[in-house]
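If you look up Swiss-Prot, you'll see 16-36, 64-84, 101-121, 147-167, 183-203, 235-255, 267-287, 310-330, 338-358, 372-392, 414-434, 453-473 marked as transmembrane segment. What Swiss-Prot records for E39, G44, P441 is Ca(2+) binding site, and it gives similarity to another entry as the kind of evidence. The annotation Fe(II)-heme a binding site is assigned in Swiss-Prot to H62, H378. Positions annotated as Cu cation binding site by Swiss-Prot: H241, H290, H291. The feature O2 binding site is assigned by Swiss-Prot to Y245. Annotation comment: Swiss-Prot describes H368, D369 as Mg(2+) binding site, evidence class similarity to another entry. As annotated by Swiss-Prot, heme a3 binding site applies to H376, with the evidence given as similarity to another entry.
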Amino acid sequence: MLQRWLYSTNAKDIAVLYFIFSVFCGMAGTGMSMIIRLELAGPGNQYLGGNHQLFNTLVTGHAILMVFFLVMPALIGGFGNYLLPLMIGASDMSYPRLNNISFWLLPPALVCLVTSTLVESGAGTGWTVYAPLSGIQSHSGPSVDLAIFALHMTSISSLLGAINFIVTTLNMRTNGMSMHKMPLFVWAIFITAFLLLLSLPVLSAGVTLLLMDRNFNTSFYEVAGGGDPVLYQHLFWFFGHPEVYIMIVPAFGVISHIVSTYSKKPVFGEISMVYAMASIGLLGFLVWSHHMYVVGLDCDTRAYFTSATMIIAIPTGIKIFSWLATIYGGSIRLAVPMMYAIAFLFLFTLGGFTGVALANASLDVAFHDTYYVVAHFHYVLSMGAVFSMFAGYYYWSPHILGLNYNEKLAQIQFWLIFVGVNVIFLPMHFLGINGMPRRIPDYPDAFAGWNYVSSIGSFIAMISLILFIYILFDQLYNGLENKINNKSVTFMKAPDFVESNNKFNLNTIKTSSIEFLLNSPPAVHSFNTPAVTN
């Protein structure tokens, strides 16, 4: 056991480790968000006894856990590591031992992050860690330093993973698989890896300078010494904006596969989808200052960032309409992954609308640091990235584990989380339009109504998460029985494809990519000889 899991160089085992880790961190992050919602359920001090520093520490912890320890390990480390080699017909990742250290850098990073909240009074900076609040004057203890170390370790982990994905994709494709024939999920991970490679060094530089300011008496961000805190914002957001695309582009890849399978159609405009993802990735590097409209940028700078940000809506729209065109006229089967995919399309588009509103510098001056922004990025992440993780799990886990989940429970879990997240985040738009500021644990009584509704929603979402954990256990314990039951319910009455070839019909899920042609679960070494794809 120790040999297999601790020293593993097998992409599948490492992917499973990533997945277990991300579920654990996701539960911790959800716990933090529940405490935040409990505190905000009513005006005045509710649960934290007036400890506003603790509130901000929880906000920081929630954000960093969800972004760096849930979404990225699950989508890139979990699904990416498991499926990318299978989809391109590779025996493993290009650098298996590098893959191992990529994972094992994350638990120490988690230890640093948790420690940072426990020493002194925690890092109450928000996940952006803006100077001067994160400076040595305002946060005198080791908390922020520990948070910076956590960011450093997750950065190195992701960077090594990105190098691995790029080399694997370029060098280890099977015979006949040109770049044009790669599945969309492989393209998504490939583009994500480039985003990581180009943006993470900038974050590392920015927080390293902050570390120097805090401990070695430099003044990169100290105005008294000739520095400028706005430099930190530029460095952080030059990473921070590509980061949100790092989280959503793998989700795009997952959704493409699911929409295609459950509509029984190839994705509409497959090459356009690749170009759209690449355009989103490129444009993501040219828009970072739209997070900084209120720091005193020039008028023409603001005009540029407004226009450039709106241009990102074009390739995103291409993707949305291509998915809709894939569904249109298809033979649709509303299995659980497809329900998540359709919910993704609807809610991600809503999040995109609010994003276009926030792109306007003139409007953003009013919306900046209000709950409108919180509502916007939670629609995109909590109902974009997270829904695609659930979709991908329900889509691929029966094949990865060889064990089926309980279909009915999964549908209940979908409806619970669908209702829950909307009840949480829809009212936040109204609060934001009325000017309720972010990251403040107390608020005027006028905001009480919608905040109460939002907190009710968080309980619904929490129940769905608990149900998901039960579904996981049920899948591991009763997976084979579920397989028999599910077949009679869905696959026999409404198979994905019906062919005259019986060998083909026995394969329950039919896709255009090769990972489902393997055994279920796949062998430890899936391809000893290259799979020929044409």
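All residue numbers here begin at 1 and follow the chain in the order shown.
Cβ atoms here come from the backbone N, Cα and C positions, even for glycine.
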The rounded CA-CA distance in Å from Y245 (O2 binding site) to H378 (Fe(II)-heme a binding site) is 14
Cβ density check for G44 (Ca(2+) binding site), other Cβ within 10 Å (all protein chains) comes to 10
Cα-Cα, H290 (Cu cation binding site) versus G44 (Ca(2+) binding site), nearest Å, comes out at 33
Excluding E39, G44, P441 themselves, the Ca(2+) site's Cβ centre has within 8 Å the residues L40, G42, P43, N45, Q46, Y47, L48, G50, F55, D442, Y443
Cβ proximity for the residue listed as 'heme a3 binding site', under 8 A, sequence spacing 6+, ordered by residue number, returns G351, T354, G355, L358
*asked:* Using a threshold of three or more Cβ pairs below 8 Å, and leaving out pairs closer than 6 in sequence, do the transmembrane segment (183-203) and the transmembrane segment (267-287) count as in contact?
replied: yes
Fewest C-beta neighbours within 10 angstroms among the binding-site residues H241, H368 belongs to H368
Beyond a gap of at least 6 residues from its ends, the CB atoms lying under 8 Å from the transmembrane segment (101-121) belong to 14, 17-18, 21, 25, 53-54, 57-58, 60-61, 64-65, 68-69, 73, 77, 139-147, 149-154, 156-158, 160-161, 164
